[in-house]
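Marked as transmembrane segment by TrEMBL: A:12-32, A:38-57, A:69-88, A:138-159, A:171-192, A:213-236, A:248-270. Annotation source TrEMBL lists coiled coil at A:270-297. According to TrEMBL, the domain 'PAS' annotation covers A:287-358, A:413-483. What TrEMBL records for A:359-412, A:488-541 is domain 'PAC'. The domain 'Histidine kinase' annotation in TrEMBL covers A:685-901.
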Amino acid sequence: MKFKTVSFSGWLVLILCSFVSLGWWLQITFFVSIKDNLPATTLTTTCMLVSLGIILIRKNGGVADKLSLFLSYTTIIVAIWILLEYKIQLPKIENIFTTSHDFKTELSQRPSPRTLITVIIAGLALLLTSYKKNKQYSYAHILCFIGISIPWAAIYGHLSFFSPFYTSMPSLGVGMSPITSICMIIIFIGIFNADPKIGLPGLLLGPTLGGKIMRIVLPAVLLLPLLFSWYIGYSFLHYDNVNTELRVILSLALLSLITSLLVIYTGYIITQKDEEKNQLVIALKESEERYKQVVNEISDYSIIRLDLAGKVDLWNKGATRITGYDANDILQKPFSLLYPKHYNGKPRELLKSALANGKVTDVGWRVRKDGSNYWVNTVISPLYDTEQAPIGFVEVTQDLTERKKTEEKLIASEKKFKNLLHSTPDAMVIVNQNGKITYCNHLASKMFGYTQEQFIGEPIEMLIPERYQKIHMQHLAEYLKHPKARMMDNNLTLLGITKEQKEFPVEVSLSPIYTEENEIQIAASIRDITERIKKENERQEYFKNMEISQKLGKMGYYEIDLDSENATLSDNYISLFGLNSNQSSIAGMSGHVYAEDYLAVNKKFHDSILHHQFFQADYRVNNAQSGEVQYVRNNCYFTYDKNRPLKAIGLKQDITEQKINEQRINKLNAELIKTNKELEAFSYSVSHDLRAPLRAITGFSNKLLKKQGHQLNTEGKRLLDIIVKNTVQMDRLIDDILAFSRISRENLSLSKVNLTQLFKMAYDTHKSLEPENRQIKFTLKPLPDDVVGDSVMLQQAITNLMSNAIKYSRPRQESLIEVGHTNVNNERTFYIKDNGVGFDMRHKNKLFGVFQRLHSEKDFEGTGVGLAICQLIIHKHRGEIWGESEPDKGAIFYFTIKTNLK
Amino acid sequence: MIAQEYIEVIYIEDNMADAELAIDSFQEHRMANRIHLLEDGQEALDFFFGERFKELSALPKLIILDLKLPKVDGLEVLTELKKSVLFKDIPIVILTSSNEDSDIRKAYELGANSYIVKPVNFAKFTETIKQLGLYWLLLNKPKKS
């Protein structure tokens, strides 16, 4: 705990008060009043002193606490109260401390008015020092001066036994006791010392010459009169005649003697100190001069001194060099002249800040005398006098314009560099020698998913899948040994890995960068080639498919640049036509065109170019390797720039096989035509040559019957009749066969066919051939009118079907024949239905066979060709025909027609 | 030999059976007693364009021609006859067993006056011959030469 005069004085008061209390308790006069004939310190006074002592102890230099304030106010109020008791009848507070009711005793227990006034003054002074304000401290000190004079006089009185100095009522024993006086003096000294830096104590305790003198003179001036008054009071006590004036004169004479001695001593000391000071000042001036010279000679730095207002009062060569101002130009002018106009107020702020912080540094622009700017680094420090009071500033300025320019260039170039890196289409990462990332651009963080901060300082291996990290480190070390720019290598596909552990293919190019410290760093530019690889794969796939398609189609793709006449050929082209390189020319391509075809093809090619047409030609070429003749179909189109042909792009197809097939087909066709002709000739001769004998048989049978009939018996006639009948049947067969073969040879002549009419006609024709009494109910439902076919042929087919329907329903009482159309398997299907004898579905496969019959000639006449002809006709119409039946339950025939007009 | 011979009908037919039956039929109905039968195309051409024909007193009223003939085809004979100024007005009836459209068409194109398919049925055959004779020899008015 630090020693403090304030609290020490408080404690001292408390100790003295406890002695007083002890004195009252044990009836020890010395403790209460020192001597019997002096007034005693009352208990009330003691209490007030104790409270003042406590306040002092609690003082800590700051604002007083609540208890201190309370004690201050209470003490003041109590003191005023008791003071008023002397004049007015009031309840007697001092009775709290005593039981005596005797007025005299009572009065002697009351603190004297001097004591009370002193206490009030002390209380007020303490209150004033309760707030940390210099002005109130001054008032407090004034109060202290006033207050301390009272106990001072009292002590003076005690010592010289001169009662008016300590009491106004000597007869009543009321007065300021010596102990109270001492306590009060201690208290006032304590209050003085509440803040030893302020006011009188500051002066007294400070290092100033005045303070020093006060420390020597004051105790003497204060204490010596006391000693003298005691001496005079004590030595002349026995002489009651010695009056007051003598005592005062004696005291004053002694005092004057001593004071003179003190003044002489003081004068001596002051002279001595002044001399010391003068010497010091001279030394200081010399040193300042030297310092000024040194400062002046410094030309690298501008060193100027400013007064407190910022006016220049010292100017060195450096300042002249840097600013262009001569000392004469600038001295006594504000240093803000050196600052650019727009720095408005900044010079003053700098000075303020220098004062507040002891030093200020600034970097910025300044203006030369000629108006040009320069870049400086300035340090401004305040200058203090010996009392630590600021008296000015020194400003040291370094011209950094050149350095600033270099720096700016550097910054600009760095900025440019960074911008460049940010604007590159690739991710950029810079790695130092230790493989740690020192820089990355936006794209890099986007590509790998790390923020830029997460990159910096991390090993580059974090961007590489774990399994490659080791080998990468080796690569890096290897690279650092022989650093050189390395471009993206298409063949070297590397893998990168993102923060999310997603791998992707990358392409990396490296280039070494040398830092200012000549340390090597590696700039890696990284490109995500996922898309490219995908596209490349797709492209390869596409080309592969193209080649496959070409192979499958026996085609070769080519592109001819019509300017340079250079041709690019697909792989399949060269393999198809026996070339040996993908590069050729028009000459190379046309060189193997078959000689006979060359002129025609060449003409057509050039005509196509000229007329902006597609070029298509079939011709022959000689295989460039084997020389074999190949048939090709060449298709191409041309691209133009306006009218200037640029390119021919086409496919050349090897159609040798087709050609051979075509030739084979042509040959077959020729053969077929020949066969057909033969067949025609055959049927011709059949119709002629086979019929003639038949007619002869019937004719001569008849002739025999007519001319020789009378010689034949019945049996002979019957046999002749059988011969004739069979001949007729034979004739019918021949007719049908001829019809069948004619139909199979004939081509369809298509037109809209009225089926309704055809059925009607067929019915009418066959009905008329039947006996008159035959009952037939013919129902013809509406039929569509948009059927297309060969009406002659369809007439034949329908006639045959109708003939069958009528023929096979002959056994019925009433034949029911119905014609209509329906939908079978989503196809429009016509039908003709009868209620005739029908057929067994087991034999349905024989229905449409030539000469195939399901009924005997005896029951139903016929050749077995009718339905075969029907089927032939319907098939020619791309339709189908089929029958459904059950024996004796009628039959139904369906057919479809699918021909249409194109 | 026989001076000023008159022949009413020239019948060109290689099939002797047919020829006999047809001639039977003509004679049965007492038409055309003077029928001259020629057995092939060459013989027919020889007859019309040779010495023999000059001996005839008049042009025949009717020529019945089969198409399928040995040596020279019936259509050729037809062509030659219709080319000839002398014979082009004589009605020529094609009597054949061919029912082929092409034959019918060609015959008419070459100027045949009628086309009859020989019925196989004997009764119909004789009836046809009868009708043919009636029409061409009795009803039909030939162009006056």
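Please read every residue number as a count from 1 along the shown chain.
Each residue, glycine too, has its Cβ placed from N, Cα and C.
Just so it is clear, the model here is predicted, and its values are computed rather than measured.
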Could you give me three numbers for the domain 'PAC' (A:359-412), the DSSP helix, strand and coil residue counts?
12 helix, 30 strand, 12 coil
Ranking A:38-57, A:69-88, A:171-192, A:213-236 by Cβ pairs under 8 Å to the transmembrane segment (A:12-32) puts first A:38-57
Give residue numbers and ranges for long-range contacts of the transmembrane segment (A:138-159): same chain, 6 or more residues beyond its ends, CB-CB under 8 A.
34, 38, 114, 117-118, 121-122, 124-126, 128-129, 165-167, 175-176, 178, 180-182, 184-185, 188-189, 191-192, 194, 199-200, 225-226, 229-230, 233-234
Near the transmembrane segment (A:38-57), which residues from the same chain, at least 6 beyond its ends, have a CB less than 8 A from one of its CBs?
6-7, 9-14, 16-17, 20-21, 24, 29, 32, 64, 67-68, 71-72, 74-75, 78-79, 82, 93-94, 96-98, 108-112, 115, 119, 122-123, 126, 158, 166-167, 173-180, 183-184, 187, 190-191
Just give the helix, strand and coil counts over the domain 'PAS' (A:413-483), going by DSSP.
42 helix, 11 strand, 18 coil
Summarise the model confidence on the domain 'PAS' (A:413-483) as a single mean pLDDT, whole number.
83
